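Visitor: Features from TrEMBL:
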DOMAIN    1-436  domain 'Major facilitator superfamily (MFS) profile'
TRANSMEM  12-28  transmembrane segment
TRANSMEM  59-81  transmembrane segment
TRANSMEM  93-116  transmembrane segment
TRANSMEM  131-151  transmembrane segment
TRANSMEM  223-246  transmembrane segment
TRANSMEM  299-317  transmembrane segment
TRANSMEM  324-343  transmembrane segment
TRANSMEM  355-375  transmembrane segment
TRANSMEM  382-406  transmembrane segment
TRANSMEM  412-431  transmembrane segment
Amino acid sequence: MTSVHKGILNGASMIGMLFGCFITGYVADSRGRKYTLVVCMMIDGVFSLISSVSQIYPVLIFCKLMSGFGASGFTVLYSYIGEFVNGKKREQFLCWMEMFWTFGVILVPCIAWIVIPQTFRIEYGFFLFRSWNLFAVICSLPSIIFSYLLLQLPESPKFLLAKGKHDETMNCLKFVYRWNNNTDDEFPVTSLMLPDCITEENNSFINGLYKSILELFTSQYKIVAMITCVIQFCCTASFYMMVLWFPELMNRFRWYETLYSGPKNMTNMCDIVSLFKIEPEEIDLKCNDEIDQYVYENILIIGMACIPTSIIVPLLVNKFGIKFFLVVCFLGSGLSSACLYFISSSFENIVLSSIFQALSSMGFELVFCISVELFPTEYRGVAISIGSMFGRIGAVLGNIVVGVFIDAHCMVPILVSCSLLIISGILVLTLPTTGRIAIK
């Protein structure tokens, strides 16, 4: 594949997520949180599995598009978990999810480091299966496995109650009671008070989708929804802009320190980046799929740098609140992205990259956490998903900014990233205070 092919491949997943976010929120609010999660995870897993053995480029593109569509459903997980937990523990439970994201970031390069360097080759006619194919197969399995495990869990009791399903809600609460108390004793609650306004399902998908979005942006939550959309756009654009740039930045610093033969008196990152000249690409029929050990090491270091914030925030969120940590994460990551201009070595690059990843990824996570408490049950799924959709739009535009300016004007992506994160931090202050209250 040429660089253009690779760019289209990356873009296919992002476009799939963009459209998926637009749809999954409504499905979660109309059909259920569990239903949406199971379907989306299965779509992600199945199409990831097919893409791992694909031998044709268009098929690979389509599979990545559908895999991205399925992966967009992860935003529903915040609503699903948040609606099981009471106000006292909810923010803490939601924040602990960042730790599992961190485990994933650490686990992926470890598995890749073991699997991808293997030299086996299975070839039959036009079919070729090598180590990276096996790595892709392994990465597709969790979605398939956990979609099955989710089938064993109940639907969100808050969703069931909002739909007026009294008996199903009681069965769900009995399941939780038996699980929490490890007992077969009779559930002490015999009946529930249904909400005054019960949301009904719309048989027409398109009309239902349009109506749910219209109702959200004409309700009393419209200003909050708009603010969260802007925050999602800004923080996601900045996050993907920098995170997808870091590997290229690492390669250029490594080239400067090991292969560059000129004077090494550069004082900032832009001077070093400008020295790197990309030669016209030669199309070679032989695919070079070797990956330098340096890549695995750096990704592993950046992943491990996220551990402290993943522990500190959940432990202290009940004391300081999500808004406090959101502001700290956005302003801190904005400052670290601004400092990138002044770095002149690989060590400084990896340190700032780690700080940025730790703070911005936590901020990225906390936006979903606070959204669970900002919106009532009937709007929660679509509100979080619409916000995530704006985030994906920001991610696409952020990648374009980096691609256009990284060589000629590398200061532009730095200024844009820093500005977007500062804007996000300021907008967080305008959101209502959350925590220790019963969600509507």
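Each Cβ is built from the backbone N, Cα and C atoms, and glycine gets one as well.
Since we're looking at a predicted model, the values are computed, not measured.
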Visitor: Can we call the transmembrane segment (355-375) and the transmembrane segment (223-246) in contact, meaning three or more C-beta pairs below 8 angstroms at a sequence separation of 6+?
Guide: yes
Visitor: Any contact between the transmembrane segment (12-28) and the transmembrane segment (382-406), i.e. 3 or more CB pairs below 8 Å with pairs at least 6 residues apart?
Guide: yes
Visitor: Could you give the mean pLDDT over the domain 'Major facilitator superfamily (MFS) profile' (1-436), rounded to a whole number?
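Guide: That stretch averages a pLDDT of 85.
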